[in-house]
Amino acid sequence: MHTNMSKYDLFKWRLYLWSYPIIIAALCSNVLQWQNYSNLMKSIIIFLIIWNTVAWFLLFKRKYFKTVEIISLCIISITYLFVYERVLSQLNVSAYLSMELLFWTPLIFIYIFIVLKGKKGFIYALTLWIITLCVHMFYSLDLPNEVNYSYIQFHFSSIMYITFLLFSQVIFRSFIESEVIEKYAFKDFLTGINNRRMMYSYLKSEIKNKKELTVIFFDIDHFKKINDQHGHFIGDEILKEVTNVVLTRLTKNETFGRWGGEEFIIVSKGTGLENTITLAEEIRKTIKDHSFTNKLQVTCSFGVKQFQYNDTLNSFLSEADKALYLAKENGRNKVEVTK
């Protein structure tokens with residue numbers, strides 16, 4: 001079931017597994033006031049207990065998720081309207097029903113917005129609210145003023161619940177979308193590490209704050225050949241494996257990102273040139289000794305550059321890039337340094 005469900009549906013499924021037993025227990029608690037209910041209400045309560053038990057069992061067995069949701073929504077709506085009408089038409093015998101209605105109304109609207117997202121939930125909840133308003137208007141002339149006043153407040157609070165739930169969904173959706181946009185704006189989609197934009201912004205900020213920086217540029221040797229001979233899928237797997245291998249060697253002093261294609265960058269803060277060279281050598285050896293997909297032999301070439309007081313960001317990166325290409329010219333699978 002999990003493979004066929006969205007993350008939102010999976011969240012709802014887990015929520016229902018916990019909430020249905022509570023609802024069943026609440027329905028069973030009506031036995032404490034059993035003598036105050038009519039035979040019809042007793043039958044409805046028994047039906048609700050049976051249905052919610054069946055619904056929970058189906059959900060537990062991971063069957064008919066959407067069907068259970070819709071049927072439950074219809075049953076809840078019909079029951080809600082029926083109880084509401086009973087409260088207004090038989091005030092002299094419905095004190096307990098009135099209390100239950102007040103207790104459960106907010107949760108009914110919440111459930112509507114969980115099942116029907118956005119405008120659909122709003123339209124459905126608003127329709128339910130309009131029906132209750134019309135029922136109240138129908139009985140209003142026969143009700144005492146204090147009761148009418150109470151139900152006017154009830155209608156205002158209900159429309160506030162609906163409005164709040166609608167805008168909460170809009171705000172939450174906007175927040176999630178902005179989080180996703182920000183994630184993909186600064187994260188590499190394939191490897192999950194920082195992308196070029198993020199690394200450039202980070203370097204710019206650290207240089208502005210006059211931090212001691214050393215940068216490692218490295219790329220995968222003969223990566224085009226890997227793509228040509230084994231396909232881009234294998235090439236992507238190699239990129240991800242290289243990323244994971246490098247991450248095992250890094251500490252909190254290093255910031256890692258994909259610069260583009262098969263090229264990566266590591267920014268080391270406050271560790272000094274010699275320690276950064278040692279780190280580059282360790283990473284080079286670890287990659288060389290790693291068992292990659294399809295038993296491919298993968299190596300990387302490294303260029304190291306320490307930031308100097310007279311460097312600009314562009315000159316700093318340019319010198320690191322020169323060191324990388326020097327490593328390639330000298331036979332690849334090497335670490336070279338520019339002072």
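Any Cβ shown, glycine's included, is placed from N, Cα and C.
Feature annotation from TrEMBL assigns domain 'GGDEF' to 211-339.
Positions annotated as transmembrane segment by TrEMBL: 15-34 (among others). Proximity of distant same-chain residues to the transmembrane segment (15-34), defined by a Cβ-Cβ separation under 8 Å and at least 6 residues beyond the stretch ends, is recorded for 42, 45, 48-49, 52-53, 55-56, 59-60, 96, 114.
If you look up TrEMBL, you'll see 40-60 (among others) marked as transmembrane segment.
Residues or ranges marked as transmembrane segment by TrEMBL: 67-83 (among others).
Here TrEMBL flags 95-114 (among others) as transmembrane segment.
The transmembrane segment annotation in TrEMBL covers 121-139 (among others). If you look at the transmembrane segment (121-139), the same-chain residues 6 or more away from its ends with a CB under 8 A from one of its CBs are 77, 80-81, 84-85, 88-89, 109, 112-113, 115, 148, 151, 155, 158-159, 162, 165-166, 169.
Residues of the same chain lying 6 or more positions beyond the ends of the transmembrane segment (151-172) and with a Cβ under 8 Å from any Cβ of it are 88, 102, 105-106, 109-110, 113, 117-118, 121-122, 125-126, 129, 132-133, 136, 140, 143. If you look up TrEMBL, you'll see 151-172 (among others) marked as transmembrane segment.
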> Which residues, given as numbers and ranges, are at least 6 beyond the ends of the transmembrane segment (67-83) yet have a Cβ under 8 Å from it?
Replying inline: 12, 44, 48, 51-52, 55, 58-59, 97, 100-101, 104-105, 108, 111-112, 115-116, 128, 131-132, 135
> Where DSSP helix means H, G or I and strand means E or B, what are the helix, strand and coil counts for the domain 'GGDEF' (211-339)?
Replying inline: 61 helix, 33 strand, 35 coil
